[in-house]
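Engineer: Below is a structure I'd like to ask you about.
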Amino acid sequence: MIKIGLLGLGTVGSGVFSILEKHAETIKRKVGTDLKIEKVLVKDKDKQRDLDFDDQILTDDIDEIINNKDIDLLVELIGGENPAYNYIIAALNSGKSVVTANKLVIAKYEQEIMGLAREKGVQINYEGSVAGGIPVIRPLKESFAANKIERLYGILNGTTNYILTKMTNEEREFDEVLAEAQSLGYAERDPHSDISGADAAYKISILSSIAFETSIDLNGVYVEGIEGIELEDIKLAEELGYVIKLLAIAKYHQDGLDVRVHPAFISKEHPLALVNDVYNAIYLHGDAVGDVMSYGQGAGRMPTASAVVADIMQAARDIYYQRPEVDNLDSIYNHDLVNISQVENSFYLRLQVKDKPGVLAQITKIFGENQVSLASVIQKHRLSEIVPIVLVTHQVKEENINKSLTAIKGLDDVISIKNLIRVEEL
Ligand SMILES: NC(=O)c1ccc[n+]([C@@H]2O[C@H](COP(=O)([O-])OP(=O)(O)OC[C@H]3O[C@@H](n4cnc5c(N)ncnc54)[C@H](OP(=O)(O)O)[C@@H]3O)[C@@H](O)[C@H]2O)c1
């Protein structure tokens with residue numbers, strides 16, 4: 001029998017508890033032995049819970065798990081940085097394998113945690129930390145192991161994808177849809193981590209470090225959220241043949257890795273454009289396998305618990321059969337991250353200008369001086385003194401766009417730059 005210490009009995013923890021009970025027989029057959037939840041750490045032992053269990057298994061003292069020699073496996077599902085990080089380190093130090101779904105801790109401390117697990121000869125599995133129920137970490141480590149991964153795109157945050165989908169399909173503004181997402185429980189009361197792109201940045205950082213066998217400095221990952229996207233941008237994207245998605249991107253270049261999160265125009269024809277609502281997807285290109293896409297529920301009680309229980313089963317099997325940890329994936333490369341100013345993209349730019357002759361000519365002159373060439377221009381005539389101009393550039397380095405924008409902002413007839421969104425040619 002393998003004994004488990006479960007930290008957290010919230011959304012995911014209760015899902016894990018249920019699956020381990022419901023599928024106990026199948027799990028035993030597949031692992032080779034019984035799995036038993038020996039102790040469950042919670043914050044509030046007196047909280048009313050919908051699960052059926054002996055109250056004796058609940059504790060609010062981590063030492064009852066860390067110091068319990070009978071517990072082989074710690075499953076961390078409390079979330080946040082601390083004490084989760086400290087508990088993971090303490091468990092590894094005491095020779096226990098660890099399963100977690102904590103993207104923040106893994107993204108920040110991946111190398112330290114992997115190194116410690118290797119040193120102690122135990123496992124650390126974290127499939128649930130990225131894209132919930134969609135298998136992506138193990139496929140990257142195992143199924144695509146024969147490939148050089150060249151690029152990887154993800155829609156990795158369900159909240160932002162839900163908001164952008166509703167804005168697109170129902171022509172509603174950002175604030176209204178965010179409020180609805182919060183009332184439906186798709187967005188947190190404090191949605192900052194999702195909306196700002198931080199959540200997706202943790203996840204693409206984890207995927208990049210595996211795909212490119214390197215250590216990723218989170219601070220070097222360019223992150224931009226969806227707060228600035230207006231309904232007007234969504235409608236113009238549609239008119240130009242695109243949809244707007246919050247994309248997490250990781251690309252291999254000779255001179256470094258291009259890892260970033262930002263809203264992007266993607267062709268309406270691309271499979272990722274069809275990933276709607278709270279669904280997530282990963283689209284990658286390996287030199288042998290070509291293009292592969294995985295799609296599914298990127299969060300939620302049971303989808304995430306599905307990934308966590310599979311991780312538990314793998315760790316339990318290896319403990320039971322006394323197989324040493326065989327994850328030889330180390331951060332053997334020292335790839336630098338490419339600064340966003342050096343990344344090439346096409347850009348969509350929406351400006352408000354005075355309705356006067358010659359304004360467009362002044363703008364295109366500035367672009368010409370900065371080697372920015374235009375792919376399309378939409379000038380809307382409205383019965384107003386201020387009119388929008390929408391431009392789409394050809395591929396150009398971001399620093400050239402930035403120089404152009406500084407000069408354009410200085411023009412007397414330019415009222416404001418409403419939005420600049422990258423166009424990703426997938
Ligand atoms: N929810 C999802 O859809 C999802 C998807 C993918 C990954 N994840 C990750 O899974 C992890 C868990 O998320 P969740 O949504 O299940 O969280 P949750 O619903 O907030 O549950 C957290 C649980 O941890 C316990 N807890 C919190 N802080 C604690 C502390 N300091 N000491 C002891 N117990 C503590 C809570 O105890 P009480 O019950 O007593 O309050 C609760 O049972 C996070 O890392 C999250 O990022 C979640």
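Numbers run from 1 along the shown chain.
Just so you know, glycine gets a Cβ as well, placed from its N, Cα and C.
What TrEMBL records for this protein is below:
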ACT_SITE  LYS203  active site, proton donor
BINDING   LEU7, GLY8, LEU9, GLY10, THR11, VAL12, GLY13, SER14  NADP(+) binding site
BINDING   LYS103  NADPH binding site
BINDING   GLU188  L-homoserine binding site
DOMAIN    348-422  domain 'ACT'
Engineer: Using DSSP, what's the helix, strand and coil tally for the domain 'ACT' (348-422)?
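Structural biologist: Here the numbers are 23 helix, 32 strand, 20 coil.
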Engineer: Relative to the mean position of the Cβ atoms of LEU7, GLY8, LEU9, GLY10, THR11, VAL12, GLY13, SER14, the recorded NADP(+) site, which additional same-chain residues have Cβ within 8 Å?
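Structural biologist: Apart from the listed residues, the neighbours are LEU6, GLY15, VAL16, PHE17, LEU77, ILE78.
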Engineer: Based on DSSP, name the secondary structure state of SER14 (NADP(+) binding site): helix, strand or coil.
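Structural biologist: Assignment for SER14 (NADP(+) binding site) reads helix.
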Engineer: Could you state the CA-to-CA distance between LEU9 (NADP(+) binding site) and GLU188 (L-homoserine binding site) to the nearest Å?
Structural biologist: 18
Engineer: Can you go through the recorded positions GLY8, LEU9, THR11, GLU188, LYS203 and pick out those with a C-beta less than 6 angstroms from ligand 1?
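Structural biologist: GLY8, LEU9, THR11, by Cβ distance under 6 Å.
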Engineer: Rounded to a whole number, how many Å is the Cα of THR11 (NADP(+) binding site) away from the Cα of the residue listed as 'L-homoserine binding site'?
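Structural biologist: That comes out at 13 Å between the alpha carbons.
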Engineer: Can you figure out which of LYS103, GLU188, LYS203 (the recorded positions) comes closest in space to LEU7 (NADP(+) binding site), comparing Cα atoms?
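Structural biologist: That would be LYS103, the closest of LYS103, GLU188, LYS203 to LEU7 (NADP(+) binding site).
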Engineer: Cα-Cα separation of GLY10 (NADP(+) binding site) and the residue listed as 'NADPH binding site', in Å?
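Structural biologist: A Cα-Cα distance of 16 Å.
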Engineer: Of the recorded positions VAL12, GLY13, SER14, GLU188, LYS203, which sits closest to LYS103 (NADPH binding site) by Cα distance?
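Structural biologist: Checked the recorded positions VAL12, GLY13, SER14, GLU188, LYS203; minimum Cα distance to LYS103 (NADPH binding site) goes to LYS203.
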Engineer: Rounded to the nearest angstrom, how far is the Cα of LYS203 (active site, proton donor) from the Cα of GLY8 (NADP(+) binding site)?
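Structural biologist: With the alpha carbons as reference points, the distance is 21 Å.
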Engineer: In the three-state scheme derived from DSSP, which category covers LEU7 (NADP(+) binding site)?
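Structural biologist: Where LEU7 (NADP(+) binding site) sits, the three-state DSSP reduction gives strand.
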Engineer: Roughly how many angstrom lie between the C-alpha atoms of VAL12 (NADP(+) binding site) and the residue listed as 'active site, proton donor'?
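Structural biologist: VAL12 (NADP(+) binding site) and the residue listed as 'active site, proton donor' have their Cα atoms 18 Å apart.
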